[in-house]
Amino acid sequence: MSRPKNDTFLRALLKEPTEYTPLWLMRQAGRYLPEYCETRKRAGNFLNLCKSPTMACEVTLQPLARYDLDAAILFSDILTVPDAMGLGLYFAEGEGPKFERPLREEWAINNLTVTDPYEHLGYVMDAVSEIRRALDNSVPLIGFSGSPYTLACYMVEGEGSSDFRNIKAMLYNRPDLLHRILSVTADSVIAYLNAQIDSGAQAVMIFDTWGGSLSNAAYEEFSLQYMRRIVAGLKKEKDGQRIPSIVFTKNGGLWLEKIADIGCDAVGLDWTIDIGEARRRVGDKVALQGNLDPNVLFAQPEIVAAEAKKVLDSFGPANTGHVFNLGHGISQFTPPESVTALVEAVHSHSRLSRK
């Protein structure tokens, strides 16, 4: 299978020359877009939207119809994996995701098994295939999963948390139980991402949203080593084309060199680290993705453009190795016109800097 017509994103991840800096946004298909809100309304609820391949395809494509983005990302949710493992995902109105059966008991943890992505997550694979057909080889499609530790946070807490006291208590009191959860989840994520690749994903990303809440030693033991295992288990090629991998730990700047050493092709950065400093620290080992503060998009368009240029200038002179993104997901309250200003600024300024 040939590369997409616009393969700038893939080339940047593989540190091949590009004519400009490619750009996509975490949560680019989301509630800041009125068309997304309309589709979600038709779906009835968020889970219905995720589990309908046709609707997931529709919302995946919406930001690409509006903006000149360089990649599409599968519309789904990181919690589909623990849901497939039998924890009973549901969304309480106004309260976010919850699990009916959080993992607190030893017997339940010992009964966990690796999920078969085709048996339990077939709707995701159907969505990937449908999106690839709809994209018609225009831009690459990114598949994704949460990291084992981030998924375990929800699996043990049963919902989002401000202090993660249940999983932290397990980490210190019964690290063996947490390692059991992480091991089964890591193997499930490997199978899940490889199934996405087989279904058409052309790059994959691991979102480690909560790894940055760990202590230095705990991060390496309970988050990083499992992401290393996943990266090692990923399919590196499909139909003769390299499948790059991106790893993103929010608040992970402390461990940048260690993340770059696990075998991934690119490291995602949040907005708390200077991307130029990050580049100096990792050298040419990996590409970098990021890292504009998402809240910049609440500023005036000319400020958005100026802040985007600061990120590009900080990365420094190069014709490859940088994928522009936000430092975290785009806010649902973002004015859509701010994204227009951002895309135009990134593409135009990066083209000029290569002349």
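Placed from the backbone N, Cα and C atoms, the Cβ positions cover glycine too.
Here is what Swiss-Prot says about this protein:
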BINDING   ARG27, GLN28, ALA29, GLY30, ARG31, ASP77, TYR154, THR209, HIS328  substrate binding site
SITE      ASP77  site 'Transition state stabilizer'
> Roughly how many angstrom lie between the C-alpha atoms of HIS328 (substrate binding site) and ASP77 (site 'Transition state stabilizer')?
Replying inline: 15
> How far is it from ARG27 (substrate binding site) to ASP77 (site 'Transition state stabilizer'), counting Cα to Cα, in Å?
Replying inline: 10
>> Assuming the binding residues for substrate are exactly those in the record, ARG27, GLN28, ALA29, GLY30, ARG31, ASP77, TYR154, THR209, HIS328, what is the maximum CA-CA distance in angstrom, rounded?
In response: 23
> Just checking, which of ASP77, TYR154, HIS328 (recorded positions) has the fewest C-beta atoms within 10 Å of its C-beta?
Replying inline: ASP77
> Which of ARG27, ARG31 has the fewest nearby Cβ atoms, counting only those within 10 Å, among these binding-site residues?
Replying inline: ARG31
> For TYR154 (substrate binding site), what is the secondary structure state per DSSP, taken as helix, strand or coil?
Replying inline: helix
> When you measure from the Cβ of ALA29 (substrate binding site), how many other Cβ atoms are you left with inside 10 Å?
Replying inline: 24
> Roughly how many Å separate the Cα of ARG31 (substrate binding site) from that of ASP77 (site 'Transition state stabilizer'), to the nearest whole number?
Replying inline: 14
